[in-house]
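Undergrad: Have a look at the structure that comes next, please.
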Amino acid sequence: MKVIYPGSFDPLTKGHMDIIKRLSSMFDEVIVAILNNENKCSLFTVDERKDIIKEEIRDEKLSNTYIYSFDGLLVKFAQDHDVKLIARGLRGVTDYEYEKDIARVNSTLYEGLETIFLLSNPTYSFVSSSGVREIAAFKGDVSAFVSPSVEKKIKEKFNY
Ligand code: PNS
């Protein structure tokens, strides 16, 4: 069985990676789908995000995990890949309130599409990409939130 794990991943955090590893052990194939939402607030380009995730997947030896990017609607991407299962991580009730509506919209647009939720590891329940971007912009220490290789790329970007 295949599952799609969509997101912006700008940048990939330890929380995302924990979910990817868990999905990789639960499903035959995991498709990490990066939303191509480049704008002036993006930290990394989609290609850079792809490379970062590829490197982590290789280091973790997740041989059943593949990286794609997509534009437009997630349901279109799911249809194109013939996958009817989406996975999202939930850090708390705020995520749930937001995610449940998106899941219902998606299943309305694509009949039979299911969204499953994995509770985030409590260690990472306060970690967000937007938080990492803000800390990075002020040249702060992001090591608790991202892997050493992502930290290195952030430091290169912000010259610190
Ligand atoms: O990591 P994020 O930014 O929380 O991921 C959000 C994402 C990419 C899963 C979501 O914004 C998405 O699926 N966007 C694609 C556009 C879409 O399908 N919208 C319809 C649902 S309202």
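Heads up, the Cβ atoms here are built off N, Cα and C, so glycines get one too.
Below, the features straight out of TrEMBL:
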type    : residues                                                                  : note
DOMAIN  : 4-134                                                                     : domain 'Cytidyltransferase-like'
BINDING : S8, K40, L74, R88                                                         : substrate binding site
BINDING : S8, F9, H16, G89, L90, R91, E99, Y124, S125, F126, V127, S128, S129, S130 : ATP binding site
SITE    : H16                                                                       : site 'Transition state stabilizer'
Undergrad: What does DSSP assign L90 (ATP binding site), in three states?
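TA: Where L90 (ATP binding site) sits, the three-state DSSP reduction gives strand.
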Undergrad: May I have the DSSP-based helix, strand and coil counts for the residues of the domain 'Cytidyltransferase-like' (4-134)?
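TA: Reading the DSSP string over the domain 'Cytidyltransferase-like' (4-134) gives 60 helix, 29 strand, 42 coil.
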Undergrad: Just going by other Cβ atoms within 10 Å, which of the binding-site residues S8, S125, S129 has the emptiest spot?
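TA: Output over binding-site residues S8, S125, S129: least Cβ neighbours within 10 Å is S125.
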Undergrad: Which entry in the list of binding-site residues, L74, L90, V127, has its Cβ near the fewest other Cβ atoms, using 10 Å as the limit?
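TA: Each of the binding-site residues L74, L90, V127 was scored by Cβ atoms within 10 Å; lowest is L90.
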Undergrad: Within 10 Å of the Cβ of H16 (ATP binding site), how many other Cβ atoms are there?
TA: 23
Undergrad: Of S8, R88, E99, S129, which binding-site residues come close to ligand 1, meaning Cβ under 6 Å from one of its atoms?
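TA: Close enough to ligand 1 are S8.
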Undergrad: Given a 10 Å Cβ-Cβ cut-off, pick out the one of the binding-site residues R88, E99 that has the most other Cβ atoms nearby.
TA: R88
Undergrad: In whole Å, note down how far the CA of R88 (substrate binding site) lies from the CA of S125 (ATP binding site).
TA: 13
Undergrad: Across the listed ATP-binding residues, S8, F9, H16, G89, L90, R91, E99, Y124, S125, F126, V127, S128, S129, S130, what is the farthest Cα to Cα distance, given in whole Å?
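TA: About 18 Å separates the two most distant Cα atoms.
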Undergrad: Which whole-number mean pLDDT does the model give the domain 'Cytidyltransferase-like' (4-134)?
TA: 96
Undergrad: Near E99 (ATP binding site), which binding-site residues out of S8, L74, R88 have their CA within 10 Å?
TA: R88
Undergrad: May I ask for the distance between V127 (ATP binding site) and S8 (substrate binding site), taken between their Cα atoms and rounded to an integer number of Å?
TA: 14
